[in-house]
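TrEMBL annotations:
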type    : residues                                                                                               : note
DOMAIN  : 87-303                                                                                                 : domain 'YjeF N-terminal'
BINDING : Asn137, Asn138, Gly139, Gly140, Asp141, Gly206, Phe207, Ser208, Phe209, His210, Gly211, Ala212, Asp244 : (6S)-NADPHX binding site
BINDING : Asn138, Asp202, Ser247                                                                                 : K(+) binding site
Amino acid sequence: MRGVLGKSRKMICSLLSQAPVSPAYYYRSSPSIYKPKPSNRFSWGFLAPIPSPAIRVFCSKPGEVGGLMASSVQNQGSISYLTQREAAEVDETLMGPLGFSVDQLMELAGLSVATSIAEVYKPSEYNCILAICGPGNNGGDGLVAARHLYHFGYKPFVCYPKRTQKPLYSGLVTQLESLSIPFLSVDELPMDLSKDFDILVDAMFGFSFHGAPRPPFDDLIKKLINLHYYEQAQRKSPVIVSVDIPSGWHVEEGDVGGDGIKPDMLVSLTAPKLCAKKFSGPHHFLGGRFVPPAIAEKYKLQLPQYPGMSMCVRIGKPPQIDISALRENYISPEFLEEQVEADPLDQFRKWFDDAMAANLKEPNAMALSTTGKDGKPSSRMVLLKGVDKDGFVWFTNYESQKARQLSENPHAALLFYWDGLNRQVRVEGSVEKVSDEESEQYFHSRPRGSQLGAIVSKQSTVVPGRHVLHQQYKELEEKYSKESLIPKPKYWGGYRLKPERFEFWQGQPSRLHDRLEYSPQETDGKRVWKIVRLAP
């Protein structure tokens, strides 16, 4: 049977790898819609407004804060834990007077589990997943998680031995089958789960389970327990992710005998249960961003704030990480000389359009590096606000540190980094101020609050405290409350970098990155761009 599974696994993984995978972005308000927002094409002059990004789910590195993702660390001691009775009452209240349905809560729970997994275990390294699902709601959470994980770029398999015929669960099975996600019977599973799967999702039993697990789940739990001994023998072992309660644990007392499942990740739902205090694995997340104030007040719940639009948040300290061991093996299409545009500005627009279409956060963010007469470099992030045949435009305070350095040395470097696409663009050249008319035009296109903020901020100067800025801002609000036009301060305006060198970088496996450099040269009295490949 092991050979049958191995053969089946290779075939399914091959098919799934060829299937179109939905983009790794979704809208929290409508989890069933998997499509990027239409991109605003890059145009000459000022950039179009950048749309709010959807949630990125698998590009952050293990243990890192992933932009909008769930790496906010919450002090475990300040978070409430529920007893079994309280957890049941919370569910009854949610599905009673507060109007939630079982399928709503299950969808949110499964999505939370999938995003927690994607936050730590990236599909490029942990690809094949086995979700072991029980007959109840916990198993339903696992089925939903498997669907989302497929759309996130993983290759999920499902073991669902005790199916219920309720329409909700039958519908979830149909959804998975429509994605060609294979269902494996218990007999088709190998004796040693470590050889076929990178991640095992334990979604067998939740907090409402009583008594001892019955077949076939008792043997499945033993398979997961045995993986702990493989680790002790320094054998490769898949990571275990438990949904809400590690199966076989007591809901309040935890792993009573000390020989139960030892998951690497626990995804608590709604609020952590008392047994979660006994969890000693490296990754504890809370998911289920749906607890209304009425429940929080009734049960005096202290729950962490979810960052941004994330569906999960890390609880407790992240594992200690050896910085020297952090590395990314980039997987990207080849970037070849015969594929690029002859004009680097056209190539830049092409890549910028890709970043916009991928819904990356602030694709117009760029590092600006300058040096003054002392030769000491200084860098900071600014926002690109326009690009044309003459160069790249941004706006700032003309009395800031960067402005002083540019007055002493009018040359600078820009760096765009688009992590989700494994790309960066370097631009170097001379810098000059844009016209007053251009600065005026952009200043008055900004939100009114941003205009007032530009007046208040004497950039790079020392202020006694934040309250001073707020007070000055309030005074300006009152001063211009009846004015339709706020005058642009003389010390605020734009700069334009005129490119003299471009480099386009595409990350590739084994550090054999693609680097194509554009430099100007004269040919027949005309300025053309020479393209060469640089060693990575």
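Each residue, glycine too, has its Cβ placed from N, Cα and C.
Positions of TrEMBL features highlighted on the structure.
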residue	record	Cβ neighbours (10 Å)
Asn137	(6S)-NADPHX binding site	23
Asn138	K(+) binding site	25
Gly139	(6S)-NADPHX binding site	27
Asp141	(6S)-NADPHX binding site	33
Asp202	K(+) binding site	28
Phe207	(6S)-NADPHX binding site	25
Phe209	(6S)-NADPHX binding site	19
Gly211	(6S)-NADPHX binding site	6
Asp244	(6S)-NADPHX binding site	29
Ser247	K(+) binding site	25
Alpha-carbon spacing, Asn138 (K(+) binding site) to Phe209 ((6S)-NADPHX binding site), which is rounded to whole Å: 10
Distance check against Asp202 (K(+) binding site) for the binding-site residues Asn137, Gly139, Phe209, keeping those with Cα within 10 Å: Gly139
Whole-number Å value of the largest CA-CA distance among Asn137, Asn138, Gly139, Gly140, Asp141, Gly206, Phe207, Ser208, Phe209, His210, Gly211, Ala212, Asp244, listed as (6S)-NADPHX-binding: 21
Per-region confidence, the domain 'YjeF N-terminal' (87-303) (mean pLDDT, whole number): 92
Cβ-centroid neighbours of K(+) site Asn138, Asp202, Ser247, 8 Å, sequence order: Ile132, Gly134, Gly139, Gly142, Ala203, Met204, Phe205, Gly206, Ser242, Val243, Asp244, Ile245, Pro246
Gly211 ((6S)-NADPHX binding site) to Ser247 (K(+) binding site) - Cα separation in whole Å: 12
